[in-house]
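In what follows, a single structure is set out as structure tokens and then discussed.
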């Protein structure tokens, strides 16, 4: 697989690994994984575990539980989540365009404007149809 | 590596006039629906029909825009290697006309139809318009990415059209089945495309053809697997056996205009993609993929027609029958694949596919229009018993239904006979006589279940209901379909001339 | 891919396959969703190994960040998980799909080992810059048509979601 021109090429003489630049990511990952695991583990080791019926029942501000823990979620959350995904996809198209904005010039600007305009029509539609209300 | 020239790009946009018109009109529909919804209810349908007519005019104008005064045959939007991604040739023009025809029938049926009329009529029309927009890339596209995005646009709008009646359980079931299986098929198609890319190094149909023409060895395994997976993916969209499972439920659950759209335009779109990809990219290896397609064709014809025998729901029956028709149409493609450089056979194959899809569109849309006619008390009249005694209630519609069913069965003097003549002839020309015999036998079988409907209409007695009120657009649809079905049957020459343009496929 | 990053690939691939298998075998849909997130992250890591950093970021931002959230909303919307009610419907489906998967894996594996893919050359690798710049230069010059069509595709999904969800709620 040819390594793209212009990106950082690891120098084989120094024994540098191809993915050396991502070593901090690995560190992050390990720390992020270990921190909660170690904390929970130590807590599990230390704490007493004597469950009884009352302690194991569901907590509802001190009173007897009246309604089930899971309540019906309204569909408005779903609509907002779908709209988020759609505009998120639109946004990721903006990233590469922004990176090369200068090179792509006026032509690139116009084509991106058309793209955005079409989605703005969608936004107007969503707005006027009340999809953005009460959520 | 070709450089990029913005001026050339803008020039190329001129070839996309029909697509741009449709996209722009779809956007306008949405804006109007968001701001002045009441107006849409009244004029939306007629306006959409007008736009479809203008688009058809623009498409036909492309036929004479070529340098030789014949067909455009130009490549637009070249990619890095210089291969065009969008092509306007006779094939594209003919198929786009089929799409617009199917869409026009759908729009006619949807006007004054309770499930699609009302405050969401604009959404219904916009979905139809955008679906046709996506289909146009299936007919004209020659870059696999362009084709795929067009396919997804068409399919997504199709899923939404099927599920449009959200309150109705059967619509939900049909839509979910169509969507889940469609998404799976899309995934399989993409995997096949990626394998083909791996084997040939190009994502453009012309690039693939060039790479295949070059060497004979190398990544043959990848290529074979990729082609098979692509066939599976597209076979699903076409509702060929064994990928047809979604069709009966989706057709039954959708509102009748949407079902008509699926059966006519969407099927034609999938066939356009199948033809374009297999003839342009894999045309040289026809002997390799034709056997698979023979299997698909034979299975589709047989399973489709036999399953239709036991249906009491006319929409499900028509769904299975459309699976059978997909089998017939595949024979044309098989003929092209096995033509082995014989231009006459290849021409016959392409011509017969285009001609049959035209004829099939008229007959199927007409049949579904009849089903839409029989609505009563808010329920669609889709059971066989709803057709009882129709001849007393509406004799003209009954005669038209007779024409449609005879045409679908392929009885002489109707358009269907002409279409089948060309298709079966193409199969015989490549020495697949047994396949043609299977097709004829299946046509005879299909006559039986079409006859059940005819018996219900003409011989059985109905509940003694009064005459039906037919909205003007619906009667226009039925009348036009019936007229064309009859006319093509007795004087097919103009249509054959039109279908002959489909042979002009650029670079293949 | 050089020999050195093969172990890394194997690790990520194993994690991904583990996540996928766990996802299809869980009885609680929320657990399945979380295992899917694990699979998506491992796929993103494989993209990084392939020098497609932009795709890796897109995978995490959009897929794991947007679409998985959507999945979870739909899970909450459709059916709150009741423990003990879901059962493992194994049996012949497992046999069939596992069999097909094995056949596909063998076919692919055999071909990978036997033949060399032709697309060793990546035309856009001739362009400068990292993955993001390459994607940008290729997308906005040579693939403008599918790019603009994608906006129509997104629009269609938007109106579909709004029109159908609104009708369902009666809003």
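Using N, Cα and C of the backbone, Cβ positions are placed for all residues, glycine too.
Heads up, TrEMBL stuff is auto-annotated, nobody curated it.
Going by TrEMBL, these are the annotated features:
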type     : residues  : note
TRANSMEM : B:20-39   : transmembrane segment
TRANSMEM : B:85-109  : transmembrane segment
TRANSMEM : B:121-139 : transmembrane segment
DOMAIN   : B:144-445 : domain 'NADH:quinone oxidoreductase/Mrp antiporter transmembrane'
TRANSMEM : B:145-166 : transmembrane segment
TRANSMEM : B:178-199 : transmembrane segment
TRANSMEM : B:219-240 : transmembrane segment
TRANSMEM : B:261-283 : transmembrane segment
TRANSMEM : B:289-309 : transmembrane segment
TRANSMEM : B:318-338 : transmembrane segment
TRANSMEM : B:395-419 : transmembrane segment
TRANSMEM : B:431-451 : transmembrane segment
TRANSMEM : B:472-491 : transmembrane segment
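Remote same-chain residues near the transmembrane segment (B:121-139) are listed as 18-19, 22-23, 25-26, 29-30, 32-33, 37, 40-41, 44-45, 48, 51-52, 86, 91-92, 95-96, 99-100, 103, 106-107, 110, 146-147, 149-158, 160-161, 164, 257-258, 261, 265-266, 268-270, 272-273, 276 (criterion: CB distance under 8 Å, separation of at least six residues from the stretch ends). Sequence-distant neighbours of the transmembrane segment (B:289-309) (same chain, 6+ residues past either end, Cβ-Cβ under 8 Å): 227-228, 231, 235, 240-242, 244, 248, 278, 282, 317-318, 320-328, 330-331, 333-334, 337-338, 432, 435, 438-439, 442, 445-446, 448-449. For the transmembrane segment (B:261-283), the partner stretch with the highest count of Cβ pairs under 8 angstroms, out of B:20-39, B:178-199, B:219-240, B:318-338, B:472-491, is B:318-338. Non-local neighbours of the transmembrane segment (B:318-338) in the same chain are 238-241, 244, 247-248, 250-252, 259, 263, 267, 271, 274-275, 278-279, 283, 286-287, 289-290, 293-294, 296-305, 307-308, 311, 345-346, 348-350, 352-353, 356-357, 360, 364, 367-368, 371, 408, 420, 422-424, 426-427, 429-430, 432, 435-436, 439, 442, 446, 449-450; each lies 6+ residues outside the stretch with a CB under 8 Å from one of its CB atoms.
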